Structures are given as structure tokens and as C-alpha cells.
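Engineer: According to Swiss-Prot:
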type     : residues      : note
SIGNAL   : 1-18          : signal peptide
DISULFID : Cys158-Cys208 : disulfide bond
ACT_SITE : Cys161        : active site
DISULFID : Cys192-Cys241 : disulfide bond
CARBOHYD : Asn254        : N-linked glycosylation site
DISULFID : Cys297-Cys354 : disulfide bond
ACT_SITE : His303        : active site
ACT_SITE : Asn330        : active site
Amino acid sequence: MAHRVLLLLSLASAAAVAAAVDAEDPLIRQVVPGGDDNDLELNAESHFLSFVQRFGKSYKDADEHAYRLSVFKDNLRRARRHQLLDPSAEHGVTKFSDLTPAEFRRTYLGLRKSRRALLRELGESAHEAPVLPTDGLPDDFDWRDHGAVGPVKNQGSCGSCWSFSASGALEGAHYLATGKLEVLSEQQFVDCDHECDSSEPDSCDSGCNGGLMTTAFSYLQKAGGLESEKDYPYTGSDGKCKFDKSKIVASVQNFSVVSVDEAQISANLIKHGPLAIGINAAYMQTYIGGVSCPYICGRHLDHGVLLVGYGASGFAPIRLKDKPYWIIKNSWGENWGENGYYKICRGSNVRNKCGVDSMVSTVSAVHASKE
């Protein structure tokens with residue numbers, strides 16, 4: 001009898017501990033550099049239970065559950081490394097913490113390699129944007145404050161980030177041209193856009209298997225435009241093209257790529273609206289918030305996102321001064337990052353961090369109304 005009571009008390013205690021571990025748990029919220037591996041190992045199962053409950057995760061059997069727990073433990077250690085390498089941001093448990101880095105890249109990153117990005121680094125491009133004046137640029141600017149940015153969307157388990165970047169840029173351009181913010185269709189790109197880069201005939205837009213924003217704009221010029229999300233809703237999977245030209249709500253007039261110069265990027269952002277950009281997403285799987293400015297980050301681009309603004313007041317604890325940053329809209333839902341947004345540092349001391357300046361394109365829209 002006493003043994004049974006002791007067992008019940010132990011189970012109740014374990015349940016209470018699990019319930020207490022929630023989104024505000026300091027390890028869940030942020031992997032603290034001062035912790036040790038033994039603490040992570042001892043508490044990993046409780047943190048994993050909280051993670052499963054918070055994000056509604058389910059696994060097919062006990063073996064899969066055990067495997068995902070082991071991946072979760074690896075990602076706790078990885079988030080700690082990211083925290084050490086990127087101290088001005090917060091890194092910790094996200095909804096992707098049960099995925100290996102390879103699974104994450106394969107499922108959520110879909111920006112195809114492009115020779116055009118290399119040409120831009122070398123100052124060459126067939127669609128180079130004209131140089132704009134940069135005197136008098138504001139210290140802070142955010143298109144969300146001016147009505148040109150739609151709601152944060154979720155690409156799901158589909159490498160269609162490029163389509164969200166392209167549609168977001170056209171949403172902003174269409175707003176500047178017409179004064180109306182339309183929520184545009186990414187699924188039209190996924191199903192119907194098979195445009196190839198002229199410099200790389202084998203690199204074509206391929207739905208959930210990846211694509212490029214510039215080739216997406218080329219497709220729209222040929223197709224006539226893009227339908228609304230309402231008329232052509234997102235499914236998160238490759239499907240048969242159902243494009244209806246009579247339902248076009250936004251069309252591309254022209255597009256160009258912006259030089260690898262932060263002042264020019266800022267000037268184009270203000271003049272043309274949100275910009276379609278590529279980025280190295282190496283630190284984004286564990287990102288929770290703050291200004292990301294990792295000491296080490298490659299410039300290999302693997303994720304398409306939308307640049308919507310910039311600021312100058314991101315606090316940098318290492319240098320005890322403000323760190324300027326870009327404001328980036330992502331396509332992983334509002335329960336990632338800062339309500340779906342990412343901040344990454346900019347400025348002369350950190351030029352082109354994670355390749356953020358390497359692939360930037362602007363688009364101009366013409367008005368297209370339903371007949």
C-alpha cells in the first residue's frame with residue numbers, strides 16, 4: 001500500500017513539473033550560455049514534453065517519439081552554440097526543434113542557387129537597378145506602418161519560400177500603384193510557375209522544390225499577373241495549375257536587382273516598397289527574437305524572405321550601443337520569431353551579414369482589375 005502511495009505521489013510530482021515547464025521557462029525561452037550540458041540532459045524530457053504540448057506535436061509510435069527526443073536534445077545544444085555565436089539575439093526552442101538541420105533545410109528552405117547573385121557581388125546584372133540618391137534617408141523606416149505589408153503567412157512543409165517573397169514584394173508594389181493592399185496567391189506560383197533563369201537553364205522554379213524570386217517575376221510578366229489568395233488559396237503542396245487569367249488582381253510592370261550596397265537597398269526599399277531578398281538561414285531554426293548578428297555566418301543563400309524596413313535602435317549587449325538592423329518578414333507563421341518577423345544587423349561593420357545584401361530585387365506593379 002505504501003509503495004502504491006509513493007508511486008502515485010511520484011507521478012503527481014512529475015505531472016506538476018511538466019505543467020510548470022511552459023513557454024516562459026528560461027531554457028525554453030532562451031538557451032542561456034551559462035548553463036551546462038548535464039542540466040540540459042537532466043531536464044530535456046520535461047522541456048520536450050512542454051514543446052510537444054505547446055506546438056501540438058504528435059509522433060506515429062514510441063520509436064519516433066524517442067528519435068525526436070534525441071533530435072530535440074541535439075537542438076538544445078545547437079541553440080546554445082547559436083546563443084554564444086549570436087549574443088544580440090535570443091536562441092532557444094522553436095517549433096522546428098524536433099527536426100535535424102538537414103530535415104529543416106529540405107522542408108522549409110527553397111531558394112535555388114543562382115549565378116545571378118554571384119554576378120551581383122561582381123557588379124554585373126542584366127536587370128541592375130539604377131542608382132538612387134541616398135541623401136536624407138530616414139534613420140528608421142517600416143512599410144508595416146504605411147499599409148504596404150500583408151499578414152504573416154505560413155508556407156508549411158513546402159520549400160516555397162521564394163513564392164512568398166515574390167508575392168509579398170508584389171503586394172507592396174501593387175499597394176504603391178493602386179492604394180489597395182491585395183493578399184496575393186503563392187499557390188499560383190507553386191502550381192504554374194516553371195520559369196528558368198536565363199543564365200542557368202537547369203535552374204527552374206519548381207513549386208515545393210524551390211525557386212527564385214526574379215524568375216517568378218519573369219513568369220508573371222508572361223502570364224499576365226497573379227490571382228488573389230482568396231481565388232487561388234494555398235495548399236502547401238504541388239498541384240495542377242488552375243490559373244484563371246480573368247481573376248488577375250496584380251501585374252508586374254518590371255523588376256530589377258539592387259546593387260550590394262546598403263544605402264542603395266534602403267533607398268530602393270523606400271521608393272519601391274518591400275523587397276524580395278535571399279538570406280542564409282543558418283541561425284533561423286533556433287531564432288526567437290532580438291537582432292541577429294552572428295560572429296560567423298556564411299553567404300550561401302538558401303531562403304527567400306521579404307525586406308520590409310530597417311531600424312537603428314536594436315540593442316547590442318556586447319558593444320553596449322545601438323545596432324542597426326533590417327526588418328524581415330518570414331513565411332513560417334506568427335508563432336516563429338518576433339510574431340513572424342526576423343531582425344538581422346546591418347551597417348558598415350557587418351556588411352552583408354548572412355548574405356542579406358547579395359540577392360535583392362525590386363518590382364513595380366501595374367493596376368489590374370477584374371472584368
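A Cβ is built for glycine as well, from the same backbone N, Cα and C atoms used for every other residue.
Note that the coordinates shown come from a computational prediction; the quantities given were computed from them, not determined experimentally.
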Engineer: Quick one: what's DSSP say for Cys161 (active site), helix, strand or coil?
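Structural biologist: DSSP call for Cys161 (active site): helix.
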Engineer: What kind of secondary structure is His303 (active site) part of, going by DSSP in three states?
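Structural biologist: In the DSSP reduction, His303 (active site) maps to strand.
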Engineer: Which residues, sitting 6 or more apart from Cys297 (disulfide bond) on the same chain, put a CB under 8 Å from its CB?
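Structural biologist: Listed in sequence order, they are Asn280, Ala282, Tyr283, Lys353, Cys354, Gly355.
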Engineer: If you count the C-beta atoms lying within 10 Å of each candidate's C-beta, which of the recorded positions Cys161, Cys208, Cys354 ends up with the smallest number?
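Structural biologist: Relative to the other recorded positions in Cys161, Cys208, Cys354, Cys208 has the fewest Cβ atoms within 10 Å.
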Engineer: Taking just the CA atoms, what is the gap between Cys158 (disulfide bond) and His303 (active site) in Å?
Structural biologist: 12
Engineer: Out of the recorded positions Cys161, Cys208, Asn254, His303, Asn330, give me the one sitting nearest to Cys241 (disulfide bond) by CA distance.
Structural biologist: Cys208
Engineer: Taking just the CA atoms, what is the gap between the residue listed as 'N-linked glycosylation site' and His303 (active site) in Å?
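Structural biologist: Rounded to the nearest whole number, the Cα-Cα distance is 23 Å.
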